Structure formats: C-alpha cells, structure tokens
Amino acid sequence: MHAEYAIIGGTGVYDPAMLQDAERHTIETPYGTAEVTLGTYAGKRVAFMPRHGYKHSVAPHKINYRANIRALKQLGVHTVLATAAVGSLKKELAPGDLVLVNDFLDMTKSRPHTFYEGAPEGVVHIDMTDAYCSRTRGHLAKVAASQNIKVVDGGVYVTTEGPRFETPAEIRLYAAWGGDVVGMTSVPEVILAKEAEMCYATVAMVTNYCTGISAHPLTHQEVVDTMKENVQKIRELFFHAIECDHGERTCACPHALAELGSL
Ligand code: HPA
C-alpha cells in the first residue's frame, strides 16, 4: 500500500470521486486506526480520507487527528490537500468563495496537538512560520488561475473547539484579532502534518457568514448545502494540482524536524 498525495475531505466531501481503481483500507497506527480510500489519478497514487468519516459520524473534537496523519505518513504521502467548510468573518468573503488559508489562530481546548509528548519520542517545538506550505499554496493558486477557479490567496483560519457554533461576542473577538474564517478542524491537523514533515495546504470553502454577521441563525444544513453546490470547484482544483505537480519539494517541510531527526 502506497500513496504520494492525500486529499482530506471535510464536511460535504465524503467520496473520492475521480480516483481510478479506488479501494477502501483501514490503516493501523500507534494512535488507532484510520480509514482511507486509495486509488490512482493521472498516474499518481492518491489517498482520500474523509475527516469526519464516510457518513459524517465523528464530531470535530473527537476526530483522531494523530491516527489520520500518521496513517498518511505510513502510506508514504508527502503532500496533503485538505478541504474545510468555514464561516466568514468578513462581508467581502461570501458563501461559495474559496480561501487558500495561510495562517491560523488556535482556540481549541481538548485535542492532542503533537506526536511528541516526551520520552521516548522526545519533545518538539515545531516552527509555525509557514504552517500551511507556501510552495503548495503557490502551486494551488497557479492551478486555480489556469482553470479559471477564483480563490482568495491567504486568510487566517480560526479553529474553534466546537461542536457548537460561536457566540456573536466570540465572532467580534476573532474578527478584531485578525481572523478571516472560522472552522473546527484545521488545528491540530496542520500541526501534525508539519511534524510528519509533509507539505499541507487547505482550501477552505466559505459556507456561511458567521454568527452575528449572518442575518439568520446558523444550521449545519446550510453548511452542507453550500458545500454541495460548490464542491466541484475544489475537486477540479485538487485533481489538477496533483496532475501538474512534479513533486520537487523545494520548501522547508521535508526538513521540519531537522533539529530532532525524522519520524
Ligand atoms: N463556525 C465554525 N465552523 C464552521 C462554520 C462556522 O460558522 N461554518 C462551517 N464550519
């Protein structure tokens, strides 16, 4: 079993459409098991992983992020393209817009954030200057332009603990702090991917305006419906990006653990 690329599907992205010879596998890791579908696209081996399970049965704070990322590492994945449904903190980011996230604020509370909890693995203080791989983001931006897919290049993803939506006061705070979009899953996924020395990028889909900005109360159905209407844009973007990637990892991601020695 082997894959070079992974697509992590968030809310509304549960099927590995476009993969040839797709086969489901359960991967055992030291942190528990992870579900993936392995297949081929344009001659490249791709792992598809539905973050919340194939039926959206795992809440954001209960996702086994370590098992998921470790499973991808064990498969040999070097590049992860993740989707995420997010609320917008700004009028100018409207439902249906895509944002290439370039930084995060972490408001999570109960999730393991590291593979390195002390002996025997050691302790790691991973650098977050370029949390979302800027080389992969640049590649996605270029591919999006070539496909006439509009993306906003750069945005700060506020990760909340969930599973509840935010209060209006929280949303005012996150906007004042410089957040652009709000979701429940990017942290710790992005951190663990960096610890695993993988290139990781997120294309966030704005599915709604956040609480207090939106004219009506939020529902999960609104998130799912907007995602469904627009998901084809993300699929096209990711599969083209995989097809056109030549795998030269000139960024710092492959050496993120240089101080410690690799996983
Ligand atoms: N808040 C948090 N997570 C979300 C939202 C939101 O408004 N929309 C989609 N995921």
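Heads up, the Cβ atoms here are built off N, Cα and C, so glycines get one too.
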Record says ARG51, HIS52, THR185 bind phosphate. Source is TrEMBL. Which of THR11, THR219, THR226 does it list for that same site? THR11
Taking ligand 1 as the reference and 6 angstroms as the Cβ limit (strictly under), which recorded positions among THR11, MET184, HIS220 are close? MET184
Counting all other Cβ atoms within 10 Å across every protein chain shown, which of the recorded positions THR11, ARG51, HIS52, GLU166, HIS220 scores highest? THR11
Listed in sequence order, residues not in THR11, ARG51, HIS52, THR185 with Cβ within 8 Å of the centre of the phosphate site Cβ atoms: GLY9, GLY10, PRO50, HIS56, VAL58, PRO60, ILE63, ALA84, ALA85, MET184
Students should find that the Cβ of THR185 (phosphate binding site) has, within 10 Å, a number of other Cβ atoms equal to 28
